[in-house]
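Student: Quick one: structure below, then a few questions.
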Amino acid sequence: METISGSIVALVTPFNEDKDQTVNLDKLEELIHYHADRGTSGVLVCGTTGESPTLNHQEHEQVIYRSTQVAKERGIKIVAGTGSNSTIEAVRLTTHAAQIGVDACLIVTPYYNKPTPAGLMAHFQELDSVGIPLIAYNIPGRTGINITPSTFIELAHSCQNIVGLKASNGNLDEITETAYLLRALPRSCAIYSGDDSLTLPILAVGGIGVISVAANILPKTMSQLVHEYRSKNVDKARLIAQNIHGFCRSLLKVGANPAPIKAVMNMAGMQVGSVRKPIVEISPEQAALLVTLNQKMAEDFTNTALSYEGLNLTLPRLIK
């Protein structure tokens, strides 16, 4: 697989406003076209932001299939979240995604059952046999298990199809150590920031991109941040990172992801529907805070003479 660098959007799954909150596949297609038109390097579907825990098996497969069709048509990379805390189910869904033609699969560490490092190795070795590029997803705040640098290097040595790590543990020391240890791997293996607000420091220690929540509404900005840094325009990248920091942090603090980002998208008129329970909508006060932070972010871009995407948020558009 050609290494995917730049900004990969962790795409929301849009739902219809019917009783069952069915997946809005037409809106899904529209969102992928939106990102293809705005410089996003790749699209991740069925991740945390895509509400994969509340998609049933049929919906999960439908989203991957439809997204892959559109992504291939538009020439944008497609990554599918196919992890599970059941190795059998993860292999089944990863095989399905591989047959459809995705570029890579994102594999979250098994959650709730908390396997040992030996169990993690057995899990990823089974997935490695599917024969598709895999990006390991380390998000201990949700899974209860952390992939340590030494464990990841063992996985990368043992599983030739592991081509990357999505680092969402927020630990720059461990991410730096992982990047250092990867220097001894006799093949390429990428690190992606899994936290928008840490994108710049992770790039600085060896990351090549971000799998981004904020890119759902700031696709050009997130792409530009990575591009400027990798083009050695470090001062410009630093200003962008500073300008978006407060807004990006709040997207993960004012409510459970993806409730805040879906609220912002709806306030921007993108009509992606509500979240599925047990995730609930953010409060009107939280929505107002995001509007204020967006206004402050726009002012910061103006004050630093940088272009801004001009995100206009209107509170009445918030899905109730």
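Backbone N, Cα and C define each Cβ position, glycine as well.
Note that the structure is a prediction, hence the values are computed from the model and not measured.
The feature active site, proton donor/acceptor is assigned by TrEMBL to Y137. Annotation source TrEMBL lists active site, schiff-base intermediate with substrate at K166. Sequence annotations record features per position, and here TrEMBL assigns pyruvate binding site to T49, I211. Marked as site 'Part of a proton relay during catalysis' by TrEMBL: T48, Y112.
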Student: With every protein chain in view, what's the tally of Cβ atoms within 10 Å of the Cβ of the residue listed as 'active site, proton donor/acceptor', excluding that atom itself?
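Tutor: Other Cβ atoms within 10 Å of the residue listed as 'active site, proton donor/acceptor': 26.
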Student: May I ask which of the recorded positions T48, K166, I211 is closest to the residue listed as 'active site, proton donor/acceptor' if we compare their C-alpha atoms?
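Tutor: Sorting the recorded positions by distance from the residue listed as 'active site, proton donor/acceptor', the top entry is K166.
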Student: What is the separation, in Å, between the Cα atoms of I211 (pyruvate binding site) and K166 (active site, schiff-base intermediate with substrate)?
Tutor: 7
Student: Counting across all protein chains shown, how many other Cβ atoms sit within 10 Å of the Cβ of T48 (site 'Part of a proton relay during catalysis')?
Tutor: 23
Student: Would you count the other CB atoms within 10 A of the CB of T49 (pyruvate binding site), including those on all shown protein chains?
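Tutor: Counting Cβ neighbours of T49 (pyruvate binding site) within 10 Å gives 24.
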Student: In angstrom units, rounded to an integer, how far apart are the Cα atoms of T49 (pyruvate binding site) and K166 (active site, schiff-base intermediate with substrate)?
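Tutor: With the alpha carbons as reference points, the distance is 14 Å.
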Student: Round to the nearest Å and give the CA-to-CA distance linking T48 (site 'Part of a proton relay during catalysis') with the residue listed as 'active site, schiff-base intermediate with substrate'.
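Tutor: T48 (site 'Part of a proton relay during catalysis') and the residue listed as 'active site, schiff-base intermediate with substrate' have their Cα atoms 12 Å apart.
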Student: Give me the CA-CA distance between Y112 (site 'Part of a proton relay during catalysis') and K166 (active site, schiff-base intermediate with substrate), in Å, as a whole number.
Tutor: 19
Student: Determine, from DSSP, whether Y112 (site 'Part of a proton relay during catalysis') sits in helix, strand or coil.
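Tutor: Assignment for Y112 (site 'Part of a proton relay during catalysis') reads coil.
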